[in-house]
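Per TrEMBL, the features are as follows:
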| type | residues | note |
| --- | --- | --- |
| DOMAIN | 7-42 | domain 'PAC1-like LisH-like dimerisation' |
| REGION | 78-108 | region 'Disordered' |
| COMPBIAS | 78-93 | compositional bias 'Polar residues' |
| REPEAT | 111-152 | repeat 'WD' |
| REPEAT | 153-187 | repeat 'WD' |
| REPEAT | 198-247 | repeat 'WD' |
| REPEAT | 248-289 | repeat 'WD' |
| REPEAT | 324-343 | repeat 'WD' |
| REPEAT | 352-385 | repeat 'WD' |
Amino acid sequence: MSQILTPRQAEELHKALIAYLSSANLPSTAAALREELSIGDSFDDATRKKYEGILEKKWTSVVRLQKRIMELESRNNSLQAELDSATPTSLLRRNQDPASWLPRSPARHTLQSHRQPITCVAFHPIFSSLASGSEDTTIKIWDWELGELERTVKGHTKGVLDVDFGGPRGGTLLASCSSDLTIKLWDPSDDYKNIRTLPGHDHSVSAIRFIPSGAAGAPSSGNLLVSASRDKSLRIWDVTTGYCVKTIRGHADWVRDVTPSFDGRWLVSAGNDQTARLWDAASGDAKCVFIGHEHVVECVALAPPRSYPHLAALAGLKKPPPASSSAEFVATGSRDKTIKLWDGRGTLIKTLIGHDNWIRGLVFHPGGKYLLSASDDKTIRCWDLTQEGRCVKTVEDAHGHFVSCIRWAPSVVKDAPVNGDTNGSVAVNGSAKKEDPTGKLNIRCVIATGSVDLNVRVFAS
């Protein structure tokens, strides 16, 4: 030992050993060791207190470090294998345009901590935080870059069904909704404190989304939230007051999903009545009904302006709608295993067939060229809108069980102020904001999915 440790280190170790033996209630062993090492009266109660617990701490940290070293060695080996097999083609793919990036296995991170199926995921518009909600009643906040759990947020008394980041200018909030009939607002800048609970729905609240600023008739910018419920209604809330400012009725059954247009003017919802519906967000009037699915419509997505040229060609239009126009094209996913593409007037453009089970989530690629879908068949599929909606990629076994949700990390507009001001500077959830037509979007090639297998997965370039 004397060859490895300096005299001072050896003395520290001896004292830690004696303190450990004393705390473990082995006084005679501690006394024998003191005698052998000639440590006399200098080792009093104060010294014992100082050294108590040091040995255990060092022991646990060594085990933790060994585990980390093994993980890093394994990662190093896989990276080396990837490097060894790198071909000019694969190197070319690495430097490819983000507008053409698609997820591939394996996921960069598998995030584990939930105790029941995961129902929803959402990205913070600026920071590398990812929220996931679960049937275990909790919301977990992860750092998706590091793949680490940051905190667990508790407050709901039943399963959390949806989460979304957004809110008033300069103050991002996290909203959640649950089978306990409530919507809750949490403040990420104050340790995710629950700042407000919104009661009002008469049944499970299945989906929520912040409505981007610019909505006609909005009392102030960015403070509106829309919710969809099993009580067959949609509600619009003012998050600054907590009041329900509008109730929209029209669906004949459970409303499963809702999404706003990038300018906040329109809402699209879908549900168990096998329809999707387009609403004027300001008046609450129905603009059109999308009829054609043969089962529950689980999810909806609004096409970003960048995909208008491809969808217009698919619809046989001579020229695409202007990029400033919203709710021009809609995608719906259903339990009938199909995805349908529609124009904003309710005309069916294309039915995409390929999944073997219910479709649970849809997201348009911010680059505009692809539509991605997540399904109970455990896959993610990528549909190329420039090739008449052909499925060009399938991520097989994206999860070990049903894939329940999918979100795209928000694109950051270059030169955007990073002060929490998300309105007009960041595209939330992969949907194009009003600045999109200028082409300044900095696409983040990051996707998160959640599953019944209790895992959240992050796919990133």
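For all residues, glycine too, the Cβ spot is worked out from N, Cα and C.
A TrEMBL annotation is a machine prediction, not a hand-curated record.
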Would you kindly check 198-247, 248-289, 324-343, 352-385 and say which stretch has the most C-beta pairs under 8 angstroms to the repeat 'WD' (153-187)?
198-247
Could you give the residue numbers and ranges of same-chain residues that sit at least 6 residues beyond the repeat 'WD' (324-343) on either side and whose C-beta is under 8 angstroms from one of its C-beta atoms?
261-263, 265-266, 268, 270, 274, 276, 278, 287, 290, 292-303, 305, 307-308, 311, 314-315, 349-353, 355-362, 364, 371, 373, 375, 383, 389, 434, 437
Mean pLDDT for the repeat 'WD' (111-152), rounded to an integer?
94
Using DSSP, how many residues of the repeat 'WD' (352-385) fall into helix, strand and coil, respectively?
1 helix, 19 strand, 14 coil
DSSP-derived helix, strand and coil totals, residue by residue, for the repeat 'WD' (248-289):
0 helix, 24 strand, 18 coil
